[in-house]
Structures are given as structure tokens and as C-alpha cells.
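Remarks on the structure that follows.
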Amino acid sequence: MATLSFVFLLLGAVSWPPASASGQEFWPGQSAADILSGAASRRRYLLYDVNPPEGFNLRRDVYIRIASLLKTLLKTEEWVLVLPPWGRLYHWQSPDIHQVRIPWSEFFDLPSLNKNIPVIEYEQFIAESGGPFIDQVYVLQSYAEGWKEGTWEEKVDERPCIDQLLYSQDKHEYYRGWFWGYEETRGLNVSCLSVQGSASIVAPLLLRNTSARSVMLDRAENLLHDHYGGKEYWDTRRSMVFARHLREVGDEFRSRHLNSTDDADGIPFQEDWTKMKVKLGSALGGPYLGVHLRRKDFIWGHRQDVPSLEGAVRKIRSLMKTHRLDKVFVATDAVRKEYEELKKLLPEMVRFEPTWEELELYKDGGVAIIDQWICAHARFFIGTSVSTFSFRIHEEREILGLDPKTTYNRFCGDQEKACEQPTHWKITY
């Protein structure tokens, strides 16, 4: 198998044409329709998926990495990102709720995403491309030899697959796999790429070494961020505006149970994220404490930095007293027994508890977003160590303009000696 190696230093020397094939740059705030009008017949499709055990909030982070890759591709050719349908996530455990093949529009505002990069839903891809076929699937993997000490280099090589493929050929020699729950989807070719580096490292390969019109990158979490914490990162993160119907549910809950509205809380939210540039600390937040208390697998997976329920309640009461707050909103994945114990210890706590009909409508992912939206508007927030759920709340509060001192806080383990608080990643416009 031919080796296709692109070292980071070489990638930096590549001279990309300054404009897309249509003669236009794609920039934040531009409509996808502006650049892609009439281009469906010639544009190429980028698809991706993530390791099945990874959760909702890590997958949102992978989207940001893939968006960087798409921006690199757009400098040379017309590409569009096909949004991977949601479903079959470990943390989505509500029984009797159909939670596969969920389009992104259930959770996010697609026009907002399209102001950053051109995106379409998977079913639109099927309609445009002529059927449920993906020309080339690349399974991303690490290097078998690992990273050796010395100078870090970014590279990508076509290599033999290290692990057994989760794809199998049918009698027509098409590849069958999970494909987001779409059983009719088939891959025409599957091969493995060893990658070490940021997402854009695979751009030369996609542009020069395959003519496939539709390309899927499986195990995309193996790619790193191009510019973590930079303007491009924040442009993409800001574009990930929650779906309006979920925000409205959260806003109604804030108003009814927490005496919180954007006007009263000094939060200047705008529907168009490209026009929303807020000075940090200018927003006050609602008159309540926001809490994310991760339990379940974190109890045994992160024993040192996750408190007991009693320890968590002591910290909550201390914060409420310090900040003169008499309301507390808690987002938690605690099992029923633990939740009942928490309620006894903290009877004044408020929680968003959907009815079965609401759960069926919003699904577990929508409920998680509502929880995050409410926590993001709190006067003061405290989260759980190394939880991506808490990380996403940090980012949302940064976008809304709340004081970082009220955002980057976490619970400490009961016996934890050095309780390092989360790093402040300042928003960049």
C-alpha cells in the first residue's frame, strides 16, 4: 500500500489558492447559500463519525475540529460538511424513547451553523448525491509504533488497519456498518489512515490523493484542534447556537422557577451570533446558583476529585451564602436513589424534570441542552472536574459575557489536597 506522508512543516509550505472554486472566500457571517448556490452538482461531501462510547459533549468538540478541516478544504474546492445524525449514545438511557437518526436541527440552529461553514443534514446528502452511498471511508487511527520522544511532527499515512474494522462486506462487496443507524447506507471503499496532528493535516490527502466525491472520516476524535482557543475555534463554537425551541423551554423555566430573564440578568443575547460581541463581566446572570454535579461513572472513574453528596451540599450552601443566593439549580445524572438523598440534603434545590411527553419530544440530548442553558445563565456556576458537560457550560457563559470568576469553578473531592480550578479559555472575536 502506497505511503502518503505529509509532515507538518511541509503542510505549512503548501500554497493554497486564495479563493474557493467559485472565486469567493467563505467567512463567518456569510450564508452558505451565497457560496454554494448552483454548486451542488460539483461540490464534494465530507462526513465523519466518532468512537461509539464518546458522549454528546465530546462530539460537539469534534465538530469544531472538523470545521477547521472544512475551512481548509474550502480554500481550494467546494465542500460541504454532512452533519452526522445523533443516536445510540451511552448516556442517553431513557427507556422507550426512540433516539437514533436524530438530525442536528433537533438540537442546534442550522442557519447559525451555516454562517460559519456550509453544512447539510445527512438525509439532504442522500437526496443530493443520488443515494445512500459513501465513496470512500477512512478509519482514523494512531500510529502502531506510537509517538517517539523528540520533535513533534504532524503526519498522516495510509497504513494497514490496526484494529478489526467495524465494517463488513456484503455479497455485492459494499461495506456495511453502523452509519448512524441508516441500515441502507453503504461504503464503496474502506481503508485506514494513521494520523498524528491537527484536523487540517488530512486536507492534502483529501484534495490530491482521492477523487471520491463523498469522503467519511471515521474515528474523527483522533484529530486534534487546529487552533484551540483561537478566533477560528470561537467562531465555530459561537455558531453552535442551540435550537430555538430548547432555548425557549429553558428561558420559560428560568422565568417561572428562578426569577430570571435576560433583561433582568443583563444578558444581551442576539439570535445572530456574528453580531453578538460581549465584554466579559458585563452580564450579571440570574439570581440563582447553577450546579453541574456529575455522578454515575465519575464516582468510580474520578474518585479523587468528585465529592460525596454531603461534601457537594456543604460547598453549595457555602456558595449560596457567599453570593447571597437563595435559589439553586442542579443539573445531575444521579440515579434515583442518590437524587432522593440529594433532595433531602438540599430541599430547596430546583431541577428541570421533563414529563414523558417532553422527554419524547426533546430527547435526552435536548434535556441536556436545556440543563446547560439554565446553568449558563446563573449568577455563579460550579461544575464537575474534567467533565465535558461542565466545559460546554463554561464556553456558553463566556459567550454570554459572564464574569470568568463566576464560571470557572469546580467541586473538589472530599480528601483532595490540591484542588486546581478549571483554566479560563478567553473568548476571541
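Backbone N, Cα and C atoms are what each Cβ position is placed from, and that goes for glycine too.
So that you can see what the record holds, here are the features copied from Swiss-Prot:
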- Pro53, Glu54, Gly55, Phe56, Asn57, His292, Leu293, Arg294, Asp371, Thr388, Phe389: GDP-beta-L-fucose binding site (BINDING)
- Cys161-Cys192: disulfide bond (DISULFID)
- Cys412-Cys419: disulfide bond (DISULFID)
- Asn189: N-linked glycosylation site (CARBOHYD)
- Asn209: N-linked glycosylation site (CARBOHYD)
- Asn259: N-linked glycosylation site (CARBOHYD)
- 1-21: signal peptide (SIGNAL)
- Glu396: site 'Essential for catalytic activity' (SITE)
Integer Cα-Cα distance in angstrom, Asp371 (GDP-beta-L-fucose binding site) to Glu396 (site 'Essential for catalytic activity'): 12
Span of the GDP-beta-L-fucose site, taken as the largest CA to CA distance across Pro53, Glu54, Gly55, Phe56, Asn57, His292, Leu293, Arg294, Asp371, Thr388, Phe389 (Å, rounded to a whole number): 22
Per-residue Cβ crowding (10 Å cut-off), top of recorded positions Cys192, Leu293, Cys419: Leu293
Number of other Cβ atoms within 10 Å of the Cβ of Phe389 (GDP-beta-L-fucose binding site) across all protein chains: 21
Spatially closest candidate among Asn209, Glu396, Cys412, the listed recorded positions, to Asn57 (GDP-beta-L-fucose binding site) (Cα to Cα): Glu396
Nearest-integer angstrom distance between the alpha carbons (Cα) of Glu396 (site 'Essential for catalytic activity') and Phe389 (GDP-beta-L-fucose binding site): 11
List of residues, in chain order, with Cβ under 8 A from that of Asn189 (N-linked glycosylation site) and at least 6 apart: Asp135, Gln136, Val137, Tyr175, Ala212
Of the binding-site residues listed as Gly55, Leu293, Phe389, the one whose CA lies nearest the CA of Cys192 (disulfide bond): Gly55
